[in-house]
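So that you can see what the record holds, here are the features copied from TrEMBL:
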TRANSMEM  12-35  transmembrane segment
DOMAIN    87-212  domain 'Phospholipid/glycerol acyltransferase'
Amino acid sequence: MLLSLVLHTYSMRYVLPAAVMMGTAPTYVLAWGAWRLLSAVLPSRLYREVDDRLYTIYQSMVLFFFENYTGVQVIIYGDLPKNKENVIYLSNHQCTVDWIIADMLAIRQNALGHVRYVLKDGLKWLPLYGWYFSQHGGVYVKRSANFNEKEMREKLQAQMKAETPMYLVIFPEGTRYNPEIPKVIADSQSFAEKEGLAILKHVLTPRVKATHVAIDTMKDYLDAVYDVTVAYEGTVDHKGQRKLAPSMTEFLCKECPRVHIFIDRIELKDIPEEQMCMRRWLHERFEIKDKLLIEFYDAKDSKRRNKFPGKSVHSKLSLKKTLPSLLFLGGLTASMLLTESGRKLYVKTWIYGTLIGCLWVSVKS
C-alpha cells in the first residue's frame, strides 16, 4: 500500500504545474482583456508592446515549470543569436512539448513575447487559449485542399503593417511524428517516393504551403529563418527502436533528462522564392534533420548516440527569468480566489471567456 502511494505521488508531480498554469489563465485573460479595452483609443503599436510583455510574463511562468521545476538539461548546438530578430522558426514535430522548445530558445534571446504560432485550425476551440493565441498574432490554418492562402497572407500583412515583432513558429510536417502510428509514417514515405523525394526515417515529409506563404509574404520583413531540430533523450527502447516523444505530463513528471536542440540560421537570400523550388529546398532541410536524428538515435558508435555533431552548450535558465512571473500571476490568482466576488469573477471568466472566444473564432472562420 505504501509503495502504491509513493508511485501515485510520483506520477502526480504534474498536478501542481498543471493547476498553476491552467489556474492562472482566467487571471491572465482578465488582465489582457482590461488592457485590450483600455488600448482601444491608443495606438495599435502600444497595444502590441504591452500585449507582448503580458505574454512574456505568462510564458515565463510556464518555463519555470518546464525548465526550473523539471531540472531538464537544455543542450544547444549551432549558433543562437543573442539579439532579437524577426524570424520564421521551422522545426520537426513530435509532441506538444515542441511548442515549449520555441519558448526556450526565444527567452534566451529576450524575444519570448514575440512568439506566435501557425496552428492547426481545430486548436482555435481551446477554452480561453484558442481565442487568445489568435489575438496575439497566431495563425490558424486548415490542411491540404482547405488551406486558405489569402487569409494567412492578410493576417501576416496586418502584423507587418503594425510593425509587430515576429518569431513565427511553423511545424511543416503538419502533424506529429508518432512511431506508435506507423500508418502515418508509411503514408508520408509513400508520398515522398511517389513525388521522387528522399524517403525520411525520423521525420515526416514536410508540407510547403504555410512555409511558402509565410516566407513569401514577409521576405522583406524577416532577418532570417531558424531551422531547428529537436531530440528528446530517452525516447529509444531497449531494442533501439524509437519511442513516442514525451507528452507535457510526462515531461513535467521529469521523465526527460535532456533536450537536444540543433539550430541552423539561414539567410533569406539562400531560400528559393518559387513554391516548387522552395518545396525541394524544404525537403532538403528535412533530409538534414533526418540525418541528424539518425546520428542521434541510430549511430553504431555508442559514444555518438544521444547527441548531435558539433559543439554544444548546456544552457541553464536563471530563476530570475521565470520565478517573478510565477509569483506575480500566482499571487494575483490567489488574491482573486480569497474573496467571494473574486471567485465569482474567476468562474465567469472561464465560462463567458470561453463562450465569447468560441463565438469570435466561429465568426472569423
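Cβ coordinates come from backbone N, Cα and C, glycine included.
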Remote residues contacting the transmembrane segment (12-35) - C-beta distance under 8 A, at least 6 residues beyond either end: 47, 50-51, 54, 58, 61-62, 65, 69, 128-129, 132, 135, 248-249, 252-254, 326, 329-330, 332-333, 336, 345-346, 349-350, 353
Mean predicted confidence [pLDDT] for the domain 'Phospholipid/glycerol acyltransferase' (87-212): 93
